[in-house]
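Right, one structure below, let's go through it.
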Amino acid sequence: MKILRIACLLLITIFLAGCWDRIEIEEFAFVSVIGLDEGEHGKVRVTFLIINPQIGTSTNIQVDEPPNDIITFLSDDLVSCRELASTSVARRLTFSHTKAIIVSEAFAKSDRFFPMLEATQRDRDFRRDINLIVCKEKASEFIRNNHPPFDIRASKYYEFITSRWEDVGFVPLSNLHRLSLRTLDDLGLFLVTYATTKPDDPKTNFDSEGDFIAGQIDKLDENPLQMMGSAVFKKGKMIGKMTGDETRLSQILRPNVITNNILATFPDPLNEEEKVSAKIARRKNKIKIKITDDYPIIDVTVPLVLSITSIPSETDYVTNIKNQELLKNSIQKRMESITMELVKKTQKEFGGEPFLWSEIARRKFWLFEDFNKYNWPEKYKNAKVTVKYDIRIEDFGKHYKPPKL
Amino acid sequence: MLKKYDGKMGFREFFAVVFFAIGMKLTDTTPILMVELGLNASWMIPIVSGLVIFLSFLFLLSLLKLYKTKSLIDIIYHLTGKFFGSLMILLLFFMVLEYLVVSTRDYADILSTLFYLRTPLKYLLLMLIITAFYISHKGLDIIGSLCWFTYPLIQLVFVVLILLLWKELDFNYLFPLGGPGMKTILKEGVVHSSIVSEIILLSVFFPKVRSYKEYRNANFAGLGISVIFISIFMISFICAYGYFALSTLNYPYHQITRLVSLGRFAKNMESFFLGFWSIGVSVRFGVYFYAGATLGASLIKIKNPKTLLPYLAVIVYILARLPENFTQYVFSVRKVGVTILWTYLLSLSPFLWTVAKLKVEYKS
């Protein structure tokens with residue numbers, strides 16, 4: 001009896017192997033980045049970056065192999081080219097560890113982009129949290145041009161760089177999950193990280209540290225990659241671009257705090273040439289929306305807490321209370337004016353809002369149908385928006401007074 | 001102090017049985033059925049259903065209290081006679097069978113679509129049915145203990161999932177709060193009451209529970225916890241996906257386990273949840289198999305329901321393999337089952353109660 005029981009137990013372990021789906025980890029080829037370009041004859045050009053799992057791990061096996069393999073195919077869709085890959089890759093491709101999908105601007109602007117992504121929702125291999133990046137050039141070039149000096153493992157690099165939005169805010173949080181969410185909701189704009197590896201005419205006369213779109217930054221670097229600003233999507237299609245500052249602002253105006261502790265510079269009110277820089281922490285916005293039949297009236301109050309980090313003009317804003325008020329007022333004015341500019345731009349140019357104000361607006365309705373009928377995206381175009389900033393300066397850094405020269 | 005083992009279930013065992021029979025439904029396609037008309041307010045539907053079935057269940061409780069040792073089957077025979085009694089029990093049996101067939105197929109489909117791509121569906125189905133059959137073959141007292149033993153695990157996993165999901169949830173999606181309107185919500189709640197109607201069915205096990213009081217409390221607690229959890233998960237599905245994206249999904253629970261991650265290093269956590277889920281599912285089908293066998297045995301007058309189990313397992317396997325794809329089942333049979341049989345399930349216990357009243361069985 002006892003032997004029979006042990007035999008049964010041993011037999012059960014067979015099922016632990018995963019039945020028909022059993023596979024050795026060595027047989028997998030992990031695609032860590034996918035590129036999408038428009039192809040000839042209505043096809044799509046797909047680029048896979050397949051990582052070499054032997055490179056960049058803590059095990060000390062020295063192998064003389066490249067860290068990754070980049071292949072580009074012309075294919076009907078995203079999923080079927082997995083089979084095409086077997087023409088040269090000796091392993092089974094899997095997307096379960098894919099970190100980013102790179103889409104060329106030209107393809108993102110076409111009608112075929114969103115339907116192409118449907119496969120990523122249906123195919124079980126794709127995860128909904130894959131990051132989305134729009135690039136200026138062809139995606140196949142973007143992936144090949146990118147040479148991160150420290151992260152040989154591309155998956156790590158893309159994972160780290162796409163998570164930078166949290167601290168900096170120049171790029172938004174954009175993944176497949178959110179894209180499908182916002183596109184299906186169709187209540188406003190969706191922002192996607194914008195990047196390029198082909199910098200052109202660097203912008204030298206800029207307003208502030210975020211007044212760029214990827215490609216305009218004057219930077220000297222082995223790696224040409226620049227990730228800055230966002231591509232604006234409406235109904236699953238790219239319709240425009242926003243600078244880093246505008247992307248930041250749109251995130252500041254949202255009901256939920258997701259980006260915090262960002263650094264920003266403001267013009268010095270007493271010395272026109274100079275800037276004052278500060279670390280900004282945001283408290284919860286007060287968003288009041290009044291629904292009228294023709295247009296919504298939106299009142300937003302944004303409480304910002306500043307911590308000054310540099311005053312290069314050496315003006316005494318610390319002990320001189322009058323100057324402090326002056327600085328506060330000037331920051332407030334500036335923030336309000338650039339915000340209103342952005343709001344006007346979204347109403348006129350994009351015809352939609354990236355601020356997720358629809359989430360507050362939907363609270364004003366009782367029935368789902370009523371809210372749909374109200375047609376928020378259309379009504380937003382004529383919305384009366386006022387944005388107020390409530391600026392508080394919390395501290396002035398390590399210096400008590402500006403040094404005297 | 002150790003209680004003397006009497007082969008009967010106590011409060012906690014039966015509570016766990018009820019939880020597995022009802023609560024586990026949040027992991028299959030049931031939420032999608034409710035979302036269709038409930039829109040973004042569909043999380044209220046299970047609560048309404050729970051209340052409705054609770055009222056109906058009160059009638060049954062009154063009967064069970066009256067007859068002390070009789071199960072639902074005995075009560076039906078006793079009150080309506082042999083012929084009508086058999087008909088009613090046959091209907092109940094078909095309901096269990098229908099549910100077993102559709103859900104085994106549904107669950108096998110979840111496995112084959114999301115986890116075991118290359119393994120044939122028939123094999124997954126076979127494995128599911130064999131495990132459930134094995135569990136149910138051990139007898140009701142073992143099922144009860146097993147339920148109680150695994151209940152904390154499953155409950156913990158549900159709670160952990162919600163906590164991990166927290167940052168993905170956007171509660172603004174619950175608005176407009178009224179959804180399709182209160183009238184539709186109430187109507188849908190009544191129509192979908194069969195989702196929580198297991199407490200009526202499970203009263204075939206009444207004599208196997210130690211006392212009436214324990215039975216009553218176990219049902220109340222089990223129903224309450226299950227309804228709360230189905231509702232909480234509906235809220236998290238709506239808040240994580242929004243109504244429009246949610247209505248396009250097939251298996252919201254399993255898709256949501258793919259969204260969560262524990263920090264930067266523990267990603268792709270769905271297999272962790274899959275493990276616990278499959279334990280819960282096998283236990284759950286064990287309960288169903290035993291309930292089906294008990295109903296069937298009373299129809300053909302066999303003493304021991306276990307003799308019927310192998311036949312039931314084979315029938316379920318064959319029927320579950322019939323349709324081409326599971327959508328045909330879920331959106332035809334299951335929908336009909338859910339939306340038509342509720343009248344029968346809801347009216348069953350008030351009907352029996354009225355008969356008992358008319359026959360003057362209640363002596364004051």
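Numbering starts at 1 and runs along the chain as displayed.
Any Cβ shown, glycine's included, is placed from N, Cα and C.
The transmembrane segment annotation in TrEMBL covers B:43-67 (among others).
Annotation source TrEMBL lists transmembrane segment at B:79-102 (among others).
Residues or ranges marked as transmembrane segment in TrEMBL: B:114-135 (among others). Outside the transmembrane segment (B:114-135) by six or more residues, the chain places 104-105, 107-108, 142-143, 146, 251, 254, 270-271, 274, 281-286, 288-289, 309-310, 313, 316-317, 320-321 with a CB less than 8 A from a CB of the stretch.
According to TrEMBL, the transmembrane segment annotation covers B:142-165 (among others).
Here TrEMBL flags B:185-206 (among others) as transmembrane segment.
Taking Cβ pairs closer than 8 Å, the transmembrane segment (B:218-244) reaches residues 11-19, 22-23, 25-26, 30-31, 34-35, 39-40, 42-47, 49-50, 53-54, 57, 61, 158, 162, 165, 168-171, 173-174, 195-196, 199, 202, 209, 252-253, 256, 259 in its own chain, all 6 or more past its ends. For B:218-244 (among others), the entry in TrEMBL reads transmembrane segment.
The transmembrane segment annotation in TrEMBL covers B:272-296 (among others).
Per TrEMBL, the feature transmembrane segment maps to B:308-324 (among others).
Beyond the ends of the transmembrane segment (B:336-356), by six or more residues, the same chain brings 33, 52-53, 56-57, 59-60, 62-63, 66, 75-76, 79-80, 88, 91, 95, 98-99, 102, 190-195, 197, 200, 362 to within a C-beta distance below 8 angstroms of the stretch. The annotation transmembrane segment is assigned in TrEMBL to B:336-356 (among others).
For the transmembrane segment (B:43-67), the partner stretch with the most Cβ pairs below 8 Å, chosen from B:79-102, B:142-165, B:185-206, B:308-324, is B:185-206. For the transmembrane segment (B:79-102), the neighbouring stretch richest in Cβ pairs under 8 Å, chosen from B:142-165, B:272-296, B:308-324, is B:272-296. The transmembrane segment (B:185-206) shares the most Cβ pairs under 8 Å with B:272-296, out of the stretches B:142-165, B:272-296, B:308-324.
Beyond its flanks by at least six residues, the transmembrane segment (B:142-165) meets 9, 12-17, 19-20, 24, 135-136, 229, 232-233, 236, 240, 256-257, 259-262, 269, 273, 276-277, 279-280, 283, 286-287, 290 of its own chain at Cβ-Cβ distances under 8 Å.
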